[in-house]
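Q: According to Swiss-Prot, the protein carries these features:
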type	residues	note
BINDING	122	pheophytin a binding site
BINDING	166, 185, 328, 329, 338, 340	[CaMn4O5] cluster binding site
BINDING	194	chlorophyll a PD1 binding site
BINDING	211, 260, 261	quinone binding site
TRANSMEM	25-42	transmembrane segment
TRANSMEM	114-129	transmembrane segment
TRANSMEM	138-152	transmembrane segment
TRANSMEM	193-214	transmembrane segment
TRANSMEM	270-284	transmembrane segment
C-alpha cells in the first residue's frame with residue numbers, strides 16, 4: 001500500500017513537472033533553473049546594496065562597489081574576485097569566514113557560477129519544452145549564442161588570463177571599464193572575429209527592422225477603412241496575414257531581385273541565423289583573446305627611408321590603448337616596464 005502511494009505521488013509529481021499544459025512550463029531542467037537563478041538574483045541584489053569593498057588587485061587596496069559605500073546605479077557593481085584567489089574555486093567553506101570571503105570577492109564567483117548554470121539550464125528547458133510540443137529545436141540553438149557570450153566573458157576569459165579578477169564587473173560602469181581595458185590589452189576592435197560579430201548584431205538589427213517594416217507595409221486588408229488593420233487578424237488563423245509576394249516584389253525592385261526572399265521559411269531562418277552566427281564568432285574571438293591571441297596591433301610606427309617617424313592614426317590609437325592600460329590598475333602597474 002505504501003509503495004502504491006509513493007508510486008502515485010511520484011507519478012503525480014512527474015506529471016506536474018513535465019506537463020506542457022501548465023501556465024508556466026517547469027520541466028526537469030526547471031528544477032535546476034529556478035533555484036539557481038533565484039540564488040544568483042538574491043545574491044546579486046544583496047551585494048549590489050550591501051557588499052563590503054573587495055581587494056580585486058590582491059594588493060590590499062580594496063575597491064567598493066555597493067550602494068552603501070557611496071556608489072550609485074551607474075557606478076555600482078559586484079566587484080570580481082581578488083587576484084590573490086586567481087582561478088581557484090572559492091566557495092564560502094574555502095575561506096576562514098564570511099568576512100574574508102567577502103573581502104576576497106567570493107560573492108562574484110557565487111553570482112557568476114549560479115547565473116551561468118541557471119541560463120544553461122534555461123537553454124535545456126527550451127529544448128525540453130520544444131520536444132514536448134513536437135517543435136523543432138531552433139529556439140534553444142538560438143539561445144546558445146548569448147550562452148556562448150556569457151561563457152566567454154565570465155568563464156573562459158578569466159581562466160585564460162589566470163584570475164577571476166579579470167572578469168567583467170557586474171555593473172554598468174564596470175562593464176564599460178571592462179570593454180576599454182579589453183581594447184587596451186587585446187586590440188579587440190581590430191580582431192576579425194569582433195568585426196564579424198558587429199556585422200552580425202547590427203546586420204541582424206537592420207534585417208529585423210527591414211522585415212518588420214515590409215510585413216507591416218504589406219498587411220492584407222481585412223477590415224473597413226475606419227478600423228485598424230490589426231483588427232483583421234485572428235490569433236491562430238490559417239491564412240497569412242501579409243502578402244509576401246508584394247513584399248518580395250517591392251524589395252526586389254528597391255535593391256535588386258536576388259536581395260529579396262520569396263520563401264518565408266528561408267527568410268525567417270536567415271533572420272535567426274545571421275545574428276546567432278555573428279555572436280558565436282565574437283564569443284570565439286573573446287575566447288581566443290583570453291589566451292592573448294589578440295587583434296592586429298600598431299606597436300611599430302611607420303618609418304620613412306631616413307628612419308623618421310611618420311605620424312598616423314595608428315600611433316594615436318596605440319597611445320590611447322597604452323594610456324587606458326596605465327590608468328587601469330594604476331597602483332599595480334610598474335610604469336613603464338608594463339608597457340613593453
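A Cβ is built for glycine as well, from the same backbone N, Cα and C atoms used for every other residue.
I'm curious about the neighbourhood of these features; can you describe it?
A: Of all Cβ atoms in the shown protein chains, 19 besides its own fall within 10 Å of the Cβ of residue 122 (pheophytin a binding site).
Within the same chain, the residues at least 6 positions away from residue 166 ([CaMn4O5] cluster binding site) whose Cβ sits under 8 Å from its Cβ are 80, 157, 158, listed in sequence order.
DSSP gives residue 194 (chlorophyll a PD1 binding site) a helix state. Residues within less than 8 Å, Cβ to Cβ, of residue 194 (chlorophyll a PD1 binding site) and separated from it by at least 6 positions along the same chain comprise 188, 282, 285, 295.
Annotation note: residue 260 (quinone binding site) sits in a coil segment as assigned by DSSP. Around the Cβ of residue 260 (quinone binding site), the same chain contributes 247, 248, 251, 252, each under 8 angstroms and 6 or more positions distant in sequence.
Long-range neighbours of the transmembrane segment (25-42) within the same chain, counting only residues 6 or more positions beyond its ends whose Cβ lies under 8 Å from a Cβ of the stretch, are 16-19, 110-111, 114-115, 117-119, 121-122, 124-125, 128-129, 132.
If one looks beyond the transmembrane segment (114-129) by at least 6 residues along the same chain, the residues whose Cβ comes under 8 Å of a Cβ in the stretch are 20, 25, 27-30, 32-33, 36-37, 39-40, 43-44, 137, 139-140, 143-144, 146-147, 150-151, 154-155.
For the transmembrane segment (138-152), same-chain residues at least 6 beyond its ends with a Cβ under 8 Å from one of its own Cβ atoms are 115-116, 119-120, 122-124, 126-127, 130, 269, 272, 275-276, 279-280, 282-284, 286-287, 290.
Cβ atoms under 8 Å from those of the transmembrane segment (193-214) belong to residues 247, 250-251, 267, 270-271, 274-279, 281-285, 288, 295 of the same chain, restricted to positions at least 6 beyond its ends.
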Q: How big is the Cα-to-Cα gap, in Å, between residue 328 ([CaMn4O5] cluster binding site) and residue 261 (quinone binding site)?
A: 48
Q: Spatially speaking, which of the binding-site residues 185, 211, 261 is closest to residue 122 (pheophytin a binding site)? Use C-alpha to C-alpha, please.
A: 211
Q: Take the Cβ of residue 328 ([CaMn4O5] cluster binding site) and count every other Cβ within 10 Å, whichever protein chain it belongs to.
A: 15
Q: Grab the quinone binding residues from the record (211, 260, 261) and give me their largest CA-CA distance in Å.
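A: Pairwise Cα check on 211, 260, 261 gives a maximum of 10 Å.
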Q: With H, G and I counted as helix, E and B as strand and the rest as coil, say where DSSP puts residue 328 ([CaMn4O5] cluster binding site).
A: coil
Q: Hey, how far is residue 211 (quinone binding site) from residue 185 ([CaMn4O5] cluster binding site), Cα to Cα, in Å?
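A: About 39 Å separates the two Cα atoms.
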